[in-house]
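**Q** For 56-85, the entry in TrEMBL reads region 'Disordered'. Marked as repeat 'PPR' by TrEMBL: 143-177, 178-212, 213-247, 248-282, 283-317, 318-352, 353-387, 389-423, 424-458. Annotation source TrEMBL lists domain 'Smr' at 530-603.
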Amino acid sequence: MAYHVHLCSSHPSLFHDRHTLSSTPKPRPTITIRSTAPRSFQSKSSLHLNHVSLQDSVTDNTPKPSPSRHPDGQTGSSSKSYVWVNPRSPRASRLRKLSYDSSLGDDVLEQDAVVVLNNMSNPHTALLALNHFQRILKKTSRKVILYNVTLKVFRKSKDLVGAEKLFEEMILKGVTPDNVTFSTLISCARVCALPAKAVEWFEKMPSFGCDPDDVTYSAMIDAYGRAGNVDMAFNLYDRARTERWRIDPITFSTLIKIYGISGNYDGCLTVYEEMKALGAKPNLVIYNTLLDAMGRAKRPWQAKIIYKEMTTNGFSPNFATYAALLRAYGRARYSGDALNIYKEMKEKGLKLTVILYNTLLAVCADFGYVDEAVEIFQDMKNSRTCKPDSWTFSSLITTYSCSGKVSEAEGIVKEMSEAGFQPDLFVLTSLIQCYGKAQRTEDVVRTFNQVFELGLTPDDRFCGCLLNVMTQTPREELGKLTDCMEKANPKLGHVVKLLLEEDDSEGNFKSKASELLNYIGSDVKKAYSLTALHVWINDLTKVVESGEELPSLLGINTGHGKHKYSEKGLATVLESHLKELNAPFHEAPDKFGWFLTTKVAAKSWLESRSSPDLVAV
């Protein structure tokens, strides 16, 4: 006689966590018996049952079986029928014994409990099931096994608090945790993004007599790195390389990130190469982490190599990829590459963040890309996801100022104020540069006074900009700016006065200039190069007037800046200024940053200089 009987009572709800548990009394239950056997074989002695379920109640519209019908309830016109059986009747008891689920009654094996718990996803239901199994199991190999399987349910749900409470229950009941217990708690902490907790559980292992295995050690490289214990992470990684532990991609990504944050960018590349040597395949997260590190290192050429390798290996760039590339190219001032990435992101419909927009605008400001800056700024305002901040307005004002577009720069300043942002020292420095280019001395003075009205303190960059403006100012208006310079930086103001008076009978200029250069920051010393240029030109003039011989070749070195807006050099600014002075110096094609001339050309030019429109300061 073949039977398949399924009884769904209150107990099976413990085993299937998609059901809920309740201790509330239920209405009178019934048993449903469903038969699929052919009618000719259906009899009391050969009943084929394939479904028996215990339900809370029967709805009013459910048809009741008629005594005249077959015991299984099937009629001649129906392929399936049901018989409602009282679960308290002897017949129901016999059917339960024949049911598959009867094995999950009071005679459950440990492996059955493990299978049931392992397939659950609701930790609250899992706890009820665990308690049920602990109550009915007659024999267990190790009590910790059921706890470990239940802990994995908490890990699935990312519930570290619940997992820790269950661990406390284990200890209170005298159950000794094992390696699986701790590895599950550690991995639970990791998926919950709580690396410090992972470290805490890892360091508890020895006190319970547990020795971590290679997998746990490898996971702890990531945990220690994320928790900020870099030395421990590196020590474990050294062991991993020596003992050839299996390391997952997440851990490699963390190692690369650690090296990047610490500034060891070669270490990032070393880990990447070691990863490939071990046969581990980089994933998109690894590539993005590397690209970000190369951006921090200002190594855009290496970012290009990594990006090419990534696409060759079949990975498509996502937002994080493009963002890392944009930051890398922006920091290194790879203007063309940065703008190309921007266009590609727009074509793919990717939304930029405020930081990425500002990175692009900063590039435009450095290179004087006015049209591109206006387009990016307008795109930012139209995005509806990003609002311009103070950095946004500052970069756009700088772009206009470097190009001498006064009205446009003033318009952005007004828009900035309407947006609730007050001009800072950076913005006011750009405006002074803009007004200086337009030789609007009164506006330079007005902006200078605004600095003090806002309670700001002029820095070296501000003073360097003011000094640059003085080199473009007619002699009759220099007195106004000299007063500003003395107020902003008395030491620099004193040096400027010595230059203007052109009377250094006491030999104070060199000592005062040396004192000034020792006082200012190294990042702005080159901003004073035009002043140094004019001092040098005056000295050359005196040499020629005294009848002394000049060297056969004269040169000016400006450093390695690529453009006039770069913080690293003033090559283009100097070139433009030399043309204004009609000086015979020309940029050397094989020596970037050098401007050279011959003795004959220099002497002829120095002798021809008379009554210059621009004062030599």
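Cβ atoms here come from the backbone N, Cα and C positions, even for glycine.
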**Q** Report the mean pLDDT of the predicted model across the repeat 'PPR' (143-177), rounded to a whole number.
**A** 93
**Q** Which residues of the chain, 6 or more past the ends of the repeat 'PPR' (283-317), have a CB below 8 A from one of its CBs?
**A** 249-250, 252-253, 256-257, 259-260, 263, 265, 268-269, 272, 275, 324-325, 327-329, 331-332, 334, 337
**Q** At a C-beta cut-off of under 8 Å, are there same-chain residues at least 6 beyond the repeat 'PPR' (143-177) that contact it? List them, or none.
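**A** Same-chain contacts beyond the ends: 110, 113-114, 117-118, 120-123, 126-127, 130, 133-134, 184-185, 187-189, 191-192, 194, 197, 208, 210.
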**Q** Is the repeat 'PPR' (318-352) packed against any residues at least 6 beyond its ends, judged by a Cβ distance under 8 Å, and which are they?
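**A** Same-chain residues near the repeat 'PPR' (318-352) but 6 or more away: 284, 287-288, 291-292, 294-296, 298-300, 303-304, 307, 310, 359-360, 362-364, 366-367, 369, 372, 376, 379-380, 383, 385-386, 562, 566.
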**Q** Determine which residues of the chain contact the repeat 'PPR' (353-387) at the Cβ level, with the cut-off under 8 Å and only residues 6 or more beyond its ends counted.
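**A** Answer is 323, 326-327, 329-331, 333, 335, 338-339, 342, 346, 395-396, 398-400, 402-403, 405, 419, 563-566.
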**Q** Going along the chain, which residues at least six beyond the ends of the repeat 'PPR' (178-212) come within the CB cut-off of under 8 Å?
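**A** Distant contacts of the repeat 'PPR' (178-212): 144, 147-148, 151-152, 154-155, 158-160, 163-164, 167, 170, 219-220, 222-227, 229.
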